[in-house]
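*Asks:* Pulled these from Swiss-Prot:
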BINDING   17-24, 81-85, 135-138  GTP binding site
DOMAIN    8-282  domain 'tr-type G'
Amino acid sequence: MPREYPLERTRNIGIMAHIDAGKTTTTERILFYTGKVHKMGEVHDGAATMDWMVQEQERGITITSAATTCFWKNHRINIIDTPGHVDFTVEVERSLRVLDGAVAIFCAVGGVEPQSETVWRQADKYGVPRIAYVNKMDRMGANFFEVVRQIKERLGANPVPIQLPIGNEDTFQGVIDLIENKAIIYTDDLGTQLAEAEIPAEMLDLVAEYREKVMEAAAEADEELMLKYLDGEELTPEEIRAGLRKATIAVKVVPVLCGSSFKNKGVQPLLDAIVYYLPSPVDIPAVRGINPETGDEDFRKASDSEPFAALAFKIMADPYVGKLTFFRVYSGVLKAGSYVLNSTKGKKERIGRLLRMHANHREEIDEVCSGDIAAAVGLKDTHTGDTICDEKHPIVLESMEFPEPVINVAIEPKTKQDQEKMSIALQRLAEEDPTFKMWTDQETGQTIIAGMGELHLEIIVDRLMREFKVEANVGKPQVAYKETVRGTAKAEGKYIRQTGGRGQYGHVWIEIEPLEPGKGYEFVNKIVGGVIPKEYIPAVDAGVREALESGVLAGYPVIDVRVTLFDGSFHEVDSSEMAFKIAGSMAAKQAVLKANPVLLEPIMKVEVVVPEEYMGEVIGDLNSRRGRIEGMEARNNMQVVRGYVPLAEMFGYATDLRSKTQGRGTYTMHFSHYEEVPKNLADQIIQKRQGK
């Protein structure tokens with residue numbers, strides 16, 4: 001079957017923004033103008049198409065990134081809507097990995113908020129080309145030029161406005177297109193009636209100045225244009241667009257547009273800009289991977305004739321069709337009903353049906369081609385970050401890294417019947433979300449769930465009740481402490497039982513040493529000459545792992561250590577995997593105790609926005625919470641305080657801040673890193689855990 005849309009006319013884009021910058025409304029308008037939605041949904045009616053989980057409609061925030069296809073001027077645009085709340089950074093990270101370009105939405109009043117910085121850095125990490133859209137130009141306090149300045153200074157980007165607003169706040173009536181050098185006025189409420197007009201006389205100088213900047217940015221990307229520009233010749237709109245496209249795809253400039261999505265102004269030019277400036281799958285470099293059979297680096301170009309390779313980036317439980325696996329095809333073609341290899345797990349899987357998603361309804365399709373985003377039904381073992389590919393040409397694409405959860409709560413089902421339902425439901429939610437973890441506490445037998453923040457866990461508990469009908473009691477949030485070692489130590493583990501019949505014999509010597517933060521756990525086998533047979537080595541590793549998982553000081557997992565197995569002995573008859581696992585576990589506990597173990601706690605990056613008069617009190621309060629103030633700046637009549645504070649001190653902060661600032665202060669925080677707990681506090685925590 002021939003392609004409906006050639007690759008060059010495909011755009012895979014994400015929409016990224018701070019909470020409340022108007023992301024879902026903008027997406028909704030895009031779907032309206034591209035003809036996919038016949039009546040626009042408003043977020044504050046709880047009817048927006050992209051927000052299709054009940055929790056999202058109630059809270060007016062977007063949690064899951066729904067992937068939607070729409071069409072504009074003979075191009076297919078796949079939009080991935082990403083959440084803006086810090087607790088959901090995993091969703092953003094996950095979608096940026098499979099996008100080719102992004103639209104960053106900023107609020108004309110709030111400008112670059114802390115969350116925008118986080119998301120922007122994530123996009124930098126993946127080298128995603130972006131265009132910026134300054135929304136809410138009709139709001140009190142809207143200031144387009146201030147937002148452009150902040151994009152340059154706070155995000156370190158190179159913003160190039162390709163539009164200027166006509167009017168401001170309630171007089172905002174349209175935009176000036178700097179490329180075509182004309183004014184566009186919106187004449188009706190739906191924003192479908194556009195009238196071209198003369199540029200207002202009082203804006204001519206400003207327009208000339210900014211048009212010059214646009215031409216310069218376009219010329220810098222292309223030598224021919226540069227020569228023409230330096231000769232003082234006027235560049236044509238087509239030439240300017242071609243130059244800007246090159247510069248945007250090379251992540252050298254960020255074209256900036258403006259509008260008011262809620263008032264339906266500025267959305268069609270934004271769609272044009274997506275088509276003009278953001279890359280198609282052909283414009284980005286071939287995707288890198290590893291051939292699992294040879295271990296060599298391999299590449300896949302965006303082409304239907306290459307072998308099939310795709311990355312699963314989201315799993316969702318759908319009430320009607322079961323488990324949906326969203327994936328991005330990097331190369332080749334996949335037909336419904338065919339077999340693929342999950343090269344990450346080395347398992348063969350069958351694709352049942354293929355679906356193209358529109359925010360809340362789905363269309364069944366026969367095949368997907370390179371560059372497309374679709375959902376598959378029938379994949380049993382494929383999780384987020386797995387590669388699926390043609391089994392004759394295996395490749396493992398670079399996966400994604402997800403942060404470890406920082407906050408735990410105990411959860412108990414209200415009735416016996418709920419017990420089984422709860423564990424199935426939690427299992428399913430953990431499949432969907434790699435930053436959500438669950439386990440059973442060995443000492444208390446309680447089920448513990450862990451996530452990236454209080455809101456994250458609230459929504460998980462909410463989904464348990466609604467989707468899986470599980471009633472549960474939830475404990476108080478606890479901090480996810482960790483342990484590590486500061487020194488190096490050797491220890492012996494000997495497990496010998498030889499009393500009649502088959503005995504047990506496992507004997508190991510290990511050395512433990514600290515790794516730099518964030519490196520996790522590393523196991524090195526330095527056994528030579530077969531003092532421990534090869535088949536027992538994995539058992540030693542498993543035993544060490546188990547001991548480190550359950551902690552030594554206070555029962556918290558030990559992280560960032562390297563364990564080296566360097567000696568030991570075995571018995572021809574009595575040795576077994578079990579014996580070596582126990583010996584490994586015994587040695588690990590001893591080694592940690594000898595190597596100066598310490599307790600670590602999660603440190604959060606906190607940003608508090610308060611009116612000037614509450615500044616002193618807020619800083620004093622953060623200091624009393626063991627906070628380190630990093631810096632302060634003024635922003636729109638408010639003061640912004642930035643710092644790092646231990647998570648343990650931040651519980652209930654929202655309420656305290658409200659009462660200290662009479663409801664006018666706001667804050668955001670997200671996980672930054674782990675740090676050693678001060679000795680006096682560590683001793684208290686350890687004693688409490690040991691029940692002294």
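Heads up, the Cβ atoms here are built off N, Cα and C, so glycines get one too.
Show me how these features fit into the structure around them.
*Replies:* A strand conformation is recorded for Ala17 (GTP binding site) in the three-state DSSP classification.
Along the domain 'tr-type G' (8-282), the predicted structure has mean pLDDT 80.
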*Asks:* May I ask which residues of the same chain, at least 6 positions away in sequence, place their Cβ under 8 angstroms from the Cβ of Met137 (GTP binding site)?
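*Replies:* Those within reach of Met137 (GTP binding site), by Cβ under 8 Å and sequence separation of 6 or more, are Ala108, Phe144, Pro165, Asn168, Glu169, Phe172, Cys258, Gly259, Ser260, Lys265, Gly266.
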*Asks:* Have a look around Ala17 (GTP binding site) and count the other CB atoms within 10 A of its CB, chains all included.
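*Replies:* The answer is 27.
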